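Taken from Swiss-Prot, the feature signal peptide covers 1-21. Positions annotated as domain 'Inhibitor I9' by Swiss-Prot, on the basis of sequence analysis: 57-134. Look at Swiss-Prot and you will find 148-419 tagged as domain 'Peptidase S8', backed by sequence analysis. Here Swiss-Prot flags Asp180, His213, Ser363 as active site, charge relay system, drawing on sequence analysis. Residues or ranges marked as region 'Disordered' by Swiss-Prot: 423-442.
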Amino acid sequence: MLKKLLSCCITSALCFHSSLAFSQPNEIADSAELQQAPDTLPATLMLAPDDIAIADRYIVVFQQPQMMASSSPEFEQFTQQSVDRMSGLYSIQVESVFDHSISGFVANLSPEQLKDLRSDPRVDYIEQDRILSLDPIVSADANQTNAIWGLDRIDQRNLPLDNNYSANFDGTGVTAYVIDTGVNNAHVEFGGRSVSGYDFVDNDADASDCNGHGTHVAGTIGGSLYGVAKNVNLVGVRVLSCSGSGSTSGVIAGVDWVAANASGPSVANMSLGGGQSVALDSAVQSAVQSGVSFMLAAGNSNADACNYSPARVATGVTVGSTTSTDARSSFSNWGSCVDVFAPGSQIKSAWYDGGYKTISGTSMATPHVAGVAALYLQENSSVSPSQVEALIVSRASTGKVTDTRGSVNKLLYSLTDADCGQDCGGPDPTPDPEGKLTSGVPVSGLSGSSGQVAYYYVDVEAGQRLTVQMYGGSGDADLYLRFGAKPTLNAWDCRPFKYGNNETCTVSATQSGRYHVMIQGYSNYSGVSIQANY
């Protein structure tokens, strides 16, 4: 089940000078087909670096049955039953439970309990919890000229700036979730459109900001003066304290809350990140699968973003930062995991005390993209997260950023294709043509990019045993199967969701009709084959 490996520290994606801050329920197959064979090796244990490790506290993640969507009631029931059984069996005092984005819990464990859990075949992996901290907030010149240059830049293809910002939409009917230090809902920038979701620091319903970072991010997404989507609804999800500190488990809890509570067209902003974390990556990936578009800060280490979480999550939109001259910000991470660049240096926005502040970081670039995602979701509220990503990338301006360090050269653009003249950066991608699968006949040589989907179908009679197998090649593709309609990221009957391309869906007794198959690129893939047998 692990889609990625390793685990390191997490920091905020805020940077100043050289410092870092940086459906309906799915049908369940016969239980015998869902059983995981007991592993002869103990579950993977990932320890945090000593300086940020939280002693004896661990995130325990369960093996998830293949044909159970994380958005289904069965997933929540499965998780709660697993927690109840394990806590009783091993005398564990559970601190919190994750039952929407990932299936697991957080608890303080003795060495004996840790050993017992690692030997339990129901456990997928265990990750030590760790401290997450923001570096001290440092302001730039609050009186700088052309303070809203970021907005000015994203509505035009080329420099120089024209000192105006225009958009085809304003985010009406869309909700943006800010997973951060909270939001000052009373700030004049928000005009009553901002509410608290949940506070995972104080464990209450008041996600007010006493740090500033979250309010600044929210202001760039949807502030009336400094925001991209000026009528979007904002929901603060507080996972970091007044001092900017928190934990990986707290951030996962925030992601889990969004996956459980988001409804309608939604986007989530995560202007935080750091070293690799399997649990955090899995939570974000699953939340995207539930239908929420996630915008992720690339990070501020001037390094390869693929080495950071959640920046490396392929189904999110990973954002690098630029300056007002269209250069990559010196602090911005880079590489193949970056999907788009956006203004991030010297960005003015709302502050927790009711005022305003100018700060820098991929933390500031990311909410520009979240705002544009809200505009595109208002344009078409039925688009999936992968389609939102495709729109952002295909509409972005090409070849404008200098010193990309091997990243895609795409600069965020807020308007629609109809307004971009001859410089649209290419047409929207179209899905691969749908094709019929014949029993025993493989379709080979399949390839695709991250987020790209391809559709196939199988027509069967009632009572047959159907197996759809994907295999071979390189990269990482995911297999989806659904009866009667094409699968989506949050509506399917089977989704093995394993690392690599070797995945199988089995239906013991088919219904009469058409089963639809979808292959989605978790990352770029090639040389893959698919075959149905019935």
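Quick reminder: no glycine exception, Cβ is built from N, Cα and C everywhere.
Mapped onto this structure are the features recorded in Swiss-Prot.
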| residue | record | CB count, 10 Å |
| --- | --- | --- |
| Asp180 | active site, charge relay system | 33 |
| His213 | active site, charge relay system | 29 |
| Ser363 | active site, charge relay system | 33 |
For the domain 'Inhibitor I9' (57-134), what are the DSSP-based totals of helix, strand and coil residues?
27 helix, 29 strand, 22 coil
Hey, how far is Ser363 (active site, charge relay system) from Asp180 (active site, charge relay system), Cα to Cα, in Å?
10
Measuring Cα to Cα, how many angstrom lie between His213 (active site, charge relay system) and Asp180 (active site, charge relay system)?
7
